[in-house]
Ligand SMILES: Nc1ncnc2c1ncn2[C@@H]1O[C@H](COP(=O)(O)OP(=O)(O)OP(=O)(O)O)[C@@H](O)[C@H]1O
């Protein structure tokens, strides 16, 4: 799939902007703080329904305005989709697909699939488990919208259960009704995550082997909070989840928090048997993320039947020449958007088809198009 056009009105530092994109490679070049990432963020908003930089929709509205508007025209193998997002400082955002308003945000997912790679993604490897859960949640929701709904349901039940635990003042009460619901949706989340990680791990391993000329073996494992076996089915997982909840109940009541369940899941990344988080060099960590991102592209292609679009926000300068080359060479069939402050180090061969935009203080002009 590809984005043919984007239109922005009062979005961040753009008054009004319309851009036609190249079907292959689009490079946005400009100094810091000019508005390059804002364009990528707008594309992401139309794909996922939120920003990758903030949880507050209002921040995307131009500071001195009350509302903002983004529209993208998406071309898929078999049809075209127009996605519009209207942000308002006072009201919830409105999303339209082909002019029809959505009643559930989840229905947006799958209309425009996207893989984002930014320096922030190193957090997936380096930082705490919440970054890895965010990665799983974002990716699985895109390929399996029912995951998104199950996750929302699980989080609501979790909130309720936590509230009961928090308000507990020595009175007798029963958590069992919440346990049953938590376990039901939580078990599905675990099954979806386990399947997803199994598939992405294999793809990332093959890519990593290629990038490192066979020197490094990347392993990615699902580290589920509920101790289950690899081949356990729904009922077995559910029973183990319930058992673990029961065992932890005293501790939970003492801590007044739900300590058991997939909201505490994690993923483990290893290179040649050693955990990348603790033992990997900076370069190895970057390469592992690159392998993961390329694996995401292939996984989405396998699921959806066509490649998602790829946003590379400021990452080229983080990769050495060899990795840049590998990336560019492997993106031939993927519509790609690159932001960069300097164009020279990019290994874009002259022959390669692309469109080059300069971004300066909320204005964009096309420099070249091949
Ligand atoms: N809500 C807003 N209203 C107006 N301007 C905004 C708003 N949010 C951000 N900006 C402006 O947008 C600019 C930053 O844009 P962006 O993050 O796209 O920069 P960039 O070109 O990607 O820079 P860098 O190379 O540093 O990453 C800044 O000038 C900032 O003041």
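In case you wondered, yes, glycine gets a Cβ from its N, Cα and C as well.
What TrEMBL records for this protein:
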BINDING   30, 31, 32, 33, 34, 35, 36, 37  ATP binding site
DOMAIN    3-359  domain 'RecF/RecN/SMC N-terminal'
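This prediction places the mean pLDDT of the domain 'RecF/RecN/SMC N-terminal' (3-359) at 93. Sitting within 8 Å of the Cβ centre of 30, 31, 32, 33, 34, 35, 36, 37, and not among those site residues for ATP, are the Cβ atoms of 339, 341, 359, 360. In three-state terms derived from DSSP, residue 37 (ATP binding site) belongs to a helical segment. For the binding-site residues 30, 35, counting C-beta atoms within 10 A of each C-beta gives the highest total at 35. DSSP classifies residue 32 (ATP binding site) as coil under the three-state reduction. Least crowded of the binding-site residues (32, 37), judged by neighbouring Cβ atoms within 10 Å of its own Cβ: 32. For residue 31 (ATP binding site), the same-chain residues lying six or more positions away in sequence with a CB closer than 8 A to its CB are 341, 360. Every protein chain shown contributes to the tally, and the Cβ of residue 33 (ATP binding site) ends up with 10 other Cβ atoms within 10 Å.
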